[in-house]
């Protein structure tokens, strides 16, 4: 969750290797780039990673906007070339006006005059009143003459400040004045005389602060054990919250070493990035743990915790000690054993795969009840919210296990990409997120080859989220962070390791051009003269992504016409905001193309599309030949065809779908629904395409279809003719549902194991059948719930419990709701509690839904992440949609005060509550609400307005056409 610049070769000679040239780039939209299958298998588009990166982008958005003019020339500090570093900074300083020269604290970025080398941080933690006091000694080097020491602080009460020089003169330097400048969250120390370049200085600061309730900085949380409430305190510094815990150079570029000491009551234990080096006890029952010195790292990767958890331990083959810390009851039940086991295997695997040793002697995994993100990859002390690391195999579904696995794998990968090599600044956050996101699939494939994660990499998560483009987001479009990586090949990423990307930048920073240059060099060695930077600029400096339209050229034999344009759902936005949706937008698109017929598909060819419209010769094309673009969905763009080609593709799927690969079948479904949603195609085309699903035997196409159908269902579920749609969907789903049936049980009552792909397909089809009203599925769910209530023994297969619970709650009476609520309270399994809580949102009783909303916000038993999920899930219930929207507005002040700075959670809440609003009245309510309450969440609200406008527009333009076709459809 952080970023920096140029390169730090290693941890030695830190001063000499401080500065590589640091190029300041405009704040840009991070866009997707694509290349063919020979160059790529593609990077998966995971919604949890996009949401995490959205948090980082939006957290900084207000400051980016406010300070754009004054900060465009401010440079980061780091690298390997002192002359370039000095030149870039001198150039920056020369452009400041006289006032700014005298007031460096007004800039977005810290002044480049100083660089830290080492922190000695000592804290005393008072859990009885949730406060802490501290003393920090910072050793730093002066790069340019200055009187000012500018540090980041926020919510800290600074008590005493002393500054010392490394000269032989004894005593502290004279301080002229010192003050806190809140607009930039800095503390300024103005000295009586200037500090000199190449000299080392030390600053000593004592301070105190609160251990906050909100989930950033150094915050507190709690849990209940044997009826007793217990408290813990833990840090979350990414992206900009180390400044809440101690004064520091809190920007990713300013790497340094740290030595931490924590003093607390002996009834608690403390953890940090490094092992305990020494421990001392006081007579008053307090203990002080002194932790070893860290490697060179960014402030936002520093971490500590004070808790009374217990742990399980394992030792990796490379000798690294791995401990998983959690609530004592969770450790005792073995809920942490799964994550501990896979971490042990992964640590050795990634070390061998990257050929770079894991740098620390230990790795702790900490499971906390509340956290603003799924996890945080602090170096040596990774913190996870309990739902993403604790697993009870007896009650957890396979999908829950898979999601948990991917989170753990992702965070372990960050120990290299992120912790060891850190991006320069937040605009390049994808340097770590893209790598980690890609390699999480490689790691998962190592753990579970039968999961076939390589196919998931090129298919499942390249089924893109229905993403709206925000015309206000061009400055910080890091919401699309992973898209930049889609075109990079597995082969190329592997080559990058061989090119020593990690070795070049270890213990330091990397910027985007470092990556592009490495890829350009690799391609040049293969004889391909492609300037990757030029290609990438089209994607990173332009908003959104394209739709490529492929049509047969009737005037030229065996030729096709290929055009590109900016894809957007709300076409009116192009008229309303012509400067943002510029018709001149062009991308360099590596389009893979194949030609096929009823029995054969050609080998793919690659066409580099650079112009708005181009004509290309392809293989033999006639009236019965279809075209297929973006083979295996390796490119991040949508593909449209002329209507005749769509009909031929649909006929192919109906007659022999396996001619087209699994990934492409999923991609066709995803594209056709989204193209119709945006008005590029008639509404009947996607409906006709899914009529082949009864023949589909693979999970990925079904997954693509279910995503698209649920989106449509939420648009239509409050319309009078909704049953036309649900009946049509059931017609397509029921043959496969009846064939697959429900999970089987063996004679002893245990659930029979089947292959992963089969289990996931069965679950996907069951979910569709129950959701759209299949009577058999409803009766089965009601029967299982009734059996559970009467016998008090849960015989429901774990993999479908969420389906059964939700269906039962929606169909049965209030007593069932109360039963599920009781089970939520009594269950100790994290995964089971989450499923039970979400099932309560399925009720068709408005009173119960309203009660649940109020209980979730006021009950300590509901974690913060689950409060948000409850509100969102109530909003997905057609009977609860307006209720959730009204509740959101009424409780906004409370919600915003709780999650305000944790913008990841705030953005998730705003998006989830508003994404299915689709009436003019709701749109107007949203706009009015934003005028009075938008505040720092303005970017998220702006996206929400665009989504709701597109929903409203779809109803105006396409609803009647949609239902008109369904009334005439053969199976409608």
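Each residue, glycine too, has its Cβ placed from N, Cα and C.
In TrEMBL, the feature transmembrane segment is placed on 39-62, out of the ranges 15-38, 39-62. Same-chain residues at least 6 positions away in sequence with a Cβ under 8 Å from that of residue 414 (Zn(2+) binding site) are, in sequence order, 377, 382, 432, 436. For the domain 'Aminopeptidase N-like N-terminal' (116-301), the model gives a mean pLDDT of 94.
For the binding-site residues 410, 433, the ranking by surrounding Cβ atoms (within 10 Å, all protein chains) places 433 first.
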